[in-house]
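A.B. asks: Below you'll find the structure I mean.
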């Protein structure tokens, strides 16, 4: 398939290491980043990390802080109100997935650069030029701004709740399915397929898979491996110009569940469940994926996440409608109720 123009959006610099948050003013100097800054952060643990960042900014730096709890369009508007007031040179997103998504979308809408400073390795939005914002037409990722730089402090990331770390592993292993779906769409629909970006996404998944062997023994080494996999996955999306290499039928299932059960479940947890199910459909060894996830304490049953059997089955039957333009193993018609129930039981997602 011939593509007239292919735009690649990538970060300019990625900093990964231990206690590197204390060197933030050095990194900003290297990149020519100057105040005023608008710092977007959370209200609890992430606010404490933001305070550390503020302590290590250049002494004469001017900044404003806004705290958010969710990733909705209203949160984006709140950030934009402060943007108009402060007129910042750059936005700093210090937090988990929700904070970084709001920051990058606000940066995109206001033609500003932003720096991604993750406090948990929960999903690949750390790097990607796409954001998941509630309040838009559908629960899928929209075009946003790629980070100018990423500052990933392993000491900070290793202290994040284990549930968030596991969610990041689930999100990244899902790339195995995303790439299979992409290949299928290229073969059956003539969709553009990028070998290099697909390989990069698969490498991220393999790293996350390897991480399941390490994380229980050495949390810091495991988290470093995971954060590098998440960054690589985000880069793959930037190179592809879409979420295709990182989001397939496993994500469609996750988004479908989020419509039916919007609170209390992490995105990466749902992607992990979706990966097990879609691996079965693709003829991939789903049992190995399930066993590896289970060993790290990942919830591999719907009831572990407070989901009912009916919610899982319903999600499987509507998943293909979430992004009808994105062809996957689910096809155009999706799954019948009986097929969905059978698959969910065979893969032990429901009893």
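Residue numbering: from 1, along the chain as shown.
Just so you know, glycine gets a Cβ as well, placed from its N, Cα and C.
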A.B. asks: Could you look at 207, 251, 282 and say which one Swiss-Prot places alongside 171, 267 in the Zn(2+) site?
C.D. replies: 251
A.B. asks: Need one residue: from 35, 128, the one Swiss-Prot lists with 97, 98, 99, 100, 101, 119, 120, 121, 122 for NAD(+).
C.D. replies: 128
A.B. asks: For the binding-site residues 120, 122, 124, 171, 267, which one has its C-beta crowded by the most other C-beta atoms within 10 angstroms?
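C.D. replies: Of the binding-site residues 120, 122, 124, 171, 267, the most buried by Cβ count within 10 Å is 171.
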A.B. asks: Tell me the coarse DSSP state (helix, strand, coil) of residue 122 (NAD(+) binding site).
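C.D. replies: Its secondary structure by DSSP: coil.
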A.B. asks: If you compare CA-to-CA distances from residue 97 (NAD(+) binding site) to each of the binding-site residues 171, 251, 255, which comes out shortest?
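C.D. replies: For residue 97 (NAD(+) binding site), the spatially nearest of the binding-site residues is 171.
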